Amino acid sequence: MKRRLNAIAIDGPAGAGKSTVARRLAERLGAYYVDTGAMYRALTLKALERGVPVDDEAALVALLGETVVAFGGPNAEGVPTVLLDERDVTQEIRSPRVSGSVSAVARHPGVRAELVRRQRQLALHYLSAGRMVVMDGRDIGTVVLPEARVKVFLTASLDERARRRHEELARRGERPTYGETLERLRERDRKDAEREVAPLRKAEDAVEIDTTGKSVDEVVEAIVRLVEERLFNSVQGRKEEFR
């Protein structure tokens, strides 16, 4: 029998609320949170700074080999600090320049293989220490942690996701029009769906939650109930399946 992991995998398209929900959920459960998208963004930032073409897979894989991406404690906004070679890039990786290039970097099989290896290694490290892990991205339940006991796929209408992203950008002082934001999301959806390696898709055993019109607290509460049902209520009789 395949051993299940005491982990929560949260997948979904851009703007569905993955990072915000996952971060809040991890706080609620006292779990370790891994933002896998931040790892791709950090590599993208380094490639742009070094002048490495985002369509050159071999160069990107070589760059990744000399790159360390780590997570530190929360900043003043409660967001986990992202460290690129020990440098705080938490804000820089959310810039329009990085956002516009990260899909091109993430589509390369060599890049994905190495980052998936690191993501899985990080999760297993904390799981082996007795910590619960919450991980969000686009291929967590299907590729990175297919053994996760709880899998959630967050969705929302394109308009809702564009509105959220537009407000997020405004808070950071960026001023694209709503139409520009919507078109960028539409293009990101297309790239994620058409990617040859690990395209965005819902795991067969994932629970889909439409976050349109719902608050973060409402979505977190729904996932907490799912966690209680699948993890806490079953732990007594199935301890042998946990890592």
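Placement of Cβ uses the backbone N, Cα and C atoms for every residue, glycine included.
So that you can see what the record holds, here are the features copied from TrEMBL:
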type	residues	note
BINDING	Gly12, Pro13, Ala14, Gly15, Ala16, Gly17, Lys18, Ser19, Thr20	ATP binding site
DOMAIN	8-228	domain 'Cytidylate kinase'
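Across the domain 'Cytidylate kinase' (8-228), the prediction's mean pLDDT works out to 93. Taking all protein chains in view, 25 other C-beta atoms sit within 10 angstroms of the C-beta of Ala16 (ATP binding site).
Sparsest Cβ environment among the binding-site residues Gly12, Ala14, Lys18, Thr20 (other Cβ atoms counted within 10 Å): Thr20. Cβ proximity to the ATP site centre (mean Cβ of Gly12, Pro13, Ala14, Gly15, Ala16, Gly17, Lys18, Ser19, Thr20, cutoff 8 Å) flags the following additional same-chain residues: Val21, Asp136, Leu154, Ala156, Arg161, Arg164, Thr211.
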